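Some notes on the structure that comes next.
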Amino acid sequence: MFKAFIERVLTLKEGRSLSIAEKTNYLLFMINAFQSLEDDIVSKKVMRLASLHCWHSLSFGRFQMELCLNPDLIKKWKRIAKKAKEAKKRGESFDMSVMLEVKFLRNLIDEFLEVLDSKVFNYDDDGESDVHGFEKINEASILYCERFMEFLIDLLSQLPTRRYFKPLVADVAVVAKCHLSALYRHEKGKLFAQLVDLLQYYEGFEIDDNLGRQMTDDEVLQAHYERFQAFQLLSFKKIPKLKELALANIGAIHKRADLSKKLSVLSPDELRDLVCNKLKLVSKSDPWTERVDFLIEVMVSFFEKQQSQKEAINALPLYPNEQIMWDESLVPSINYSGEGCLALPKLNLQFLTLHDYLLRNFNLFRLESTYEIREDIQEAVPHLLAYTNNEGQPAFRGWSRMAVPIKEFKITEVKQPNIGEVKPSSVTAQRDEWKPPKGELRTVTVALDTAQYHMDVTDIAEKGAEDVYGTFNILMRRKPKENNFKAILESIRDLMNETCIVPDWLHDVFLGYGNPSAAQWTNMPDLLETVDFKDTFLDADHVRECFPDYQLIDVPDYHGKGETAPSPWFYQNEGEAEYLVATVDKFQGQQNDFILLSLVRTRFVGHLRDVRRLIVAMSRARLGLYVFCRRSLFEQCYELQPTFQLLLQRPDHLALNLHEIAPFTDRLVGDTGPTHLVSGIEEMAGIVNFRMHQVYQYFTRVRNIGWLGRGNPGSDQNMPWARMMSQEFSEYPGHNASTGSPGEQNGLQEFSAEHDDTKADLQNVPSGEQPMDTEAPNDVNNTSENMQVDATVETTRVNTNESVNEDDSNIENSTMEQ
């Protein structure tokens, strides 16, 4: 059904005359169709429109030139011609000129050029139009032209459609005709002009269209020299008037102004013969060839030296200027409805090259930061209450926390450019002001964008533009967390200046080509049959023992409201922190003994679908990982099924081993030991309060009797106090005392008897004497600190409240006094 629907849409315009609004909606459908090439049904139907068959609509000269430049396509073209001959022999009607694949895109281009030439402006009876009159502009036609530019850009920015469609755009000279149109120069056509420039950029993109390989700067420059050298040789042999151009060096004539001046010596007929017959850039039957400016534009566009991608991004300012900041076509406001298109690059499923991907992200992030800067300016400046004083100068009577008025702004230092660059290496400016109330002189040094400064100075020198640096009257600051765009843009620009970033096995998949499963490690051509862990692991059992314990805890909505907004304590020095609260991204590269992963505040899976973020979240724990989430939400996610199936092999209630007091344990990962399942938040609060009460009582008793165990936590020397805590905690009302083994219960009973004897002996000690080892008097303090740390770690890992922390501090102080 869907195949038939697409087929009917493609043939919808045959024998019908559509209005401008209908043509615009038709273009929107085609744009969405060519943006959905990942769908097999859509791809099979629309890809044939941009296949080699569309070359039947090329002019004869352009067709010959393209086959000469791409000899590999000659065999493919011969196979198409052979099929046509075989069809004729069988008596079948086979006319290539009426095939949908041949005429579809060419008819769309011709239709667009007709609208651009005659429908945008409403002409008077005398055939003239005032292009500056707003009342004579057809807004619907302008929207159609903008959408068609978007359609052409999409076709040229994807390699599968670019290969055979680019010669068609060049044969019709769409870019040159748009440059000479009245809409391109009109103030209402600002968005259209930006889209035309973007189309020109993708038409001359640095890529081998047949191989899909990115061309280096040397290859692009060498191709330019070869093309220009061939033109000079042709001019020397057959065009005497261009002998001066033929003998000149390429560096002196490859610019637009110089090349236009050299071509102006030819008459209109000679210029037309050069462009249409000798160079075969456009068809002689094109009515635009009667215009001299069109012929020169075609020549200059073909032979002028284009700025490389690296040069363009290195010369691009990182900071926005006022032209970009308040341009709604580039940086739309929050009220953007989406009816019109924007002169922005799209993040497609496919990209031409890695540089294309980086450049699109660079431009989008730069414009996103521009929007944020504009919002901050619009929020801060009105608070200054600007007005014009009696002298006609701007003044301010208000106050703003993020902006301050300035009276003088001067450039203090402009350093020489680096080798191979034209922009200064550094530009700094200073502003002096009095600092109340002491009256000290405070100097504020500002680092300016060197690329923007070079552009402004060039405009002042060549175009006589105003010196904007002498008009500054407000100095504004932004919050550090929101003003990090410069570092990100510099990182993207540095990546574009590198030669190889992505490995070969990931390159095609990263750009959206080929089979994504080819990048899986099981399908790698150099897959290792065995892995040598060298000195990391001893055997498979050692590997299993090294992975931490894990559990998933199902946390449904609490009273239908979910989790409240957390207010965690953040520590500046993470090495000294007892517990740390952070996001998954910020905790990357770090580890901890126990990780409590909270996913309860989300109602959608969201960013955790990213396998990289999932790996980070699940691999931060050394001893134990506890995932708190809504089981019903995450177990249905396809991307997370392998991980959560492993987690759900254990109960989805919080399981605590109440017999383990110290972090040290001898049990293996698979041996969970006697566990107690926590039924809910209320029971967990009771466990925490009961544990803290027992800890407090124990330390009070230790302080009174003056005896502490010796040794590190978890060692044999420290087992008595741990067993005492285990025995007392087993008295918790919600704990099942029968979960322990008989041996453990007997051990606890034996220890209870021993503890009574020890307590009796300690009571017989005379006043002022303590049963301490005289050989190591400092061990008592050290042991006390170890026990305090252990108790604190255990309590903070279950999110105790502030009152518990205060109790800990009291315990610690009393112990230190003892």
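Just so you know, glycine gets a Cβ as well, placed from its N, Cα and C.
What you see is a predicted model, and the numbers here were worked out from it, not measured in a lab.
Pulled from TrEMBL, these are the features on record:
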{"type": "COMPBIAS", "residues": "779-803", "note": "compositional bias 'Polar residues'"}
{"type": "DOMAIN", "residues": "2-307", "note": "domain 'RNA helicase aquarius N-terminal'"}
{"type": "DOMAIN", "residues": "389-430", "note": "domain 'RNA helicase aquarius beta-barrel'"}
{"type": "DOMAIN", "residues": "433-478", "note": "domain 'RNA helicase aquarius beta-barrel'"}
{"type": "DOMAIN", "residues": "528-556", "note": "domain 'RNA helicase aquarius insertion'"}
{"type": "DOMAIN", "residues": "577-631", "note": "domain 'DNA2/NAM7 helicase-like C-terminal'"}
{"type": "REGION", "residues": "756-818", "note": "region 'Disordered'"}
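Counting residues per DSSP class in helix, strand and coil order gives 0 helix, 15 strand, 27 coil for the domain 'RNA helicase aquarius beta-barrel' (389-430).
Remote same-chain residues near the domain 'RNA helicase aquarius beta-barrel' (389-430) are listed as 314-315, 376, 379-381, 383, 443-451, 453-454, 469-470, 472-478 (criterion: CB distance under 8 Å, separation of at least six residues from the stretch ends). DSSP assignment over the domain 'RNA helicase aquarius beta-barrel' (433-478) gives 17 helix, 14 strand, 15 coil.
Sorting the domain 'DNA2/NAM7 helicase-like C-terminal' (577-631) by DSSP state (H, G, I as helix; E, B as strand; all else coil) yields 13 helix, 16 strand, 26 coil. Per-residue pLDDT, averaged over the domain 'DNA2/NAM7 helicase-like C-terminal' (577-631), rounds to 77.
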